[in-house]
Structures are given as structure tokens and as C-alpha cells.
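Annotated features in TrEMBL:
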- 26-48: transmembrane segment (TRANSMEM)
- 41-289: domain 'G-protein coupled receptors family 1 profile' (DOMAIN)
- 60-78: transmembrane segment (TRANSMEM)
- 98-120: transmembrane segment (TRANSMEM)
- 140-157: transmembrane segment (TRANSMEM)
- 197-219: transmembrane segment (TRANSMEM)
- 240-260: transmembrane segment (TRANSMEM)
- 272-291: transmembrane segment (TRANSMEM)
Amino acid sequence: MAERNITIVEEFILLGFSDLPNLQGFLFGIFLFIYMSILFGNGLIIILTKVSPALQTPMYFFLGNFSFLEICYTSVIVPRMLSDLWTQKRNITLLACATQLCFFVILGCTEFLLLSVMAYDRYVAICRPLYYPIIMNQRVCTQLVTGSWISGIPVMLGQTYQVFSLPFCHSNKLNHFCCDILPLMMVACGNTSVLEILIYGGAVLYIMLPFILIIRSYFKIIATIVKLPSAIGRFKAFSTCSSHLTVVILFYGSAIIGYSRPKSKISGTDKVLSLFYTIVTPMFNPIIYSLRNKDVIDALRKLLPKSFGSANNK
Ligand SMILES: *[C@@H]1O[C@H](CO)[C@@H](O)[C@H](O)[C@H]1NC(C)=O
């Protein structure tokens, strides 16, 4: 009797943080501040790794590219979020939603892959120091980076295509601040089994596999470090990878918790958790890398007087 009213959804409403009506201005301020610091901090890292002679090593090449990636990744999410908070209009067309999803998941894959490339770089530097310049030559570095950027594309295009070939009939309200896979699956009807296979396959290929590589690299790194004769040597070797390890734990921790329970109800905690890997980690990344890293701080010190000096000379 109660035939469900199947209307074709033409646009979605991103509910975002509309459950906190009194905090809209406050949230706008906070997210604007976070976004600005992401642009500033990561921009600074890109510039430093490009211009500073002391930072012309594979590790900083990867770091510079990772900062560039963080800027791209947050720019897919945050500007849209800010405009929703500002205008209080939350509707998004299917095409815009598909575009956002597509870039979001492709760049997400790049994050995981690039993090494992960076772990591999540390592994070679610490466990194979003599071969490091040969193994990590410029060509290999460029190939590794390019591979990280493009290898997520086919599977993630497939995922996006699969999601948007489903009919959406439960509702057009997405209880999230961006078009992510899980909120979209909640409102999709029809057969989601192909999509679920793609999601699990994608998670194994782009999250679990890089994770195993990272763990493996760190096991070997630690095994090498504990065998080093001097305590200073141990400390130095470990300090070059502790920043990377911190970023890995932050990023993987939140992403694995967030994605390991598909089809659950997206709750307030899930939204906060996704905030963690979408904007909080990118914000802390430059801080983690610069505060704990003498080379980066020195490069910054050298850069600053020079640019002030040339400004004064004009
Ligand atoms: C990072 O690598 C990608 C792919 O090779 C490239 O397109 C991009 O320009 C690089 N960005 C920086 C800042 O090095």
C-alpha cells in the first residue's frame, strides 16, 4: 500500500554542520583560519624545498610534493564547506558532487601512496645508505611521485562512476560536509554490491597495501637503528623519520577508523573523524615537519633575512 515515492534526485543537500545552527559563524571562522594556515604552512614548505640548497635531497623533494598534495586535497573540500557555511545554501548539483567525490578519492589515494613512498625513501636512506644516491636518483624520485599521483585514477574513476550510476531515492540529504562515498551510499538504492567490491578492493589496494609497505619499512628501519653503535647515531637516524611516522599515524589512524565500518550510520563522531584526516592532518603536517627538523628551521632562517634584505635594497 505504502508505495515509496521514488523521485529522481537532481541535487543533494550537504547537511554539513547544520545541526549546530548557533555555531555557523564560529565554524566559518575556525575553518577559514585552518584553511589559511594550511595554505600558508604547506606553501612555505613547497618554497623552502624548492629554493633552499640544503634541502635538495629526495626526502625534501617528496615532502615538497606532499605539501603540494595537501593543498590540492584540502582545496577540494574546504572552499565548498566555507561557502556553505557563509551562504547557508547547502545544495550541490549531481555533477558538482561527482566532481568533488572523484578528486577527493583520487587525491586520497595519492596521500596514502606518497606516504609509503616517503617511508621507502627513509628505509633506503637508513638501511642501504651506500646505495641511497644510486637507488633514489632523480629519475626514480620523479617516477615514484608521478606514479603516486596517477595510479589511483582508474579505480577511483570506476568508483565514482559506480556511485553515480545508482539511483538515489532514499533522500537527497547527505549528512556530511562533502560528497564522500559513504554518505552517498546511505542514500543510494538499488544494488550496491559492485560498488562495495570496488570500495573494499580500493581500500586494500590503496590503503592496506601502502600500509603494509610502511610497516615493513619501519620494522627494517628500527632493526637497523637498534644495531647502530652510538646513541647519537641512533638518535640522528630516528629523528629523520619520526616526523614522517607521526604524520603516518595521524593520517592512517583516522582514516582506518573512519572507513573500516561502511554502511554504519554516519554520526556526529564520524564527521569529526573525517575532519581529522581532511583538514587537521594537513594543517599539522608542516608544523610536525618544521618544529622537529633542524634542517627545515635552518633553511627558513637563511631564507628570511635574504628576502628582507633584498626588499630593503630596492
Ligand atoms: C608533484 O608531483 C606531481 C606529479 O609528478 C607534479 O604534477 C607536481 O607539479 C609536483 N608538485 C610540486 C610542488 O613539486
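Count begins at 1; order follows the chain as displayed.
Placed from the backbone N, Cα and C atoms, the Cβ positions cover glycine too.
In this chain, the transmembrane segment (60-78) touches the transmembrane segment (140-157); three or more CB pairs sit within less than 8 A of each other, excluding pairs fewer than 6 residues apart. With a cut-off of 8 Å between Cβ atoms, the residues of this chain six or more beyond the transmembrane segment (197-219) that come close are 105, 108-109, 112-113, 115-116, 119-120, 122-123, 152, 155-156, 158-159, 162, 181, 241, 245, 248, 252, 255-256, 259, 262.
The predicted model assigns the domain 'G-protein coupled receptors family 1 profile' (41-289) a mean pLDDT of 88.
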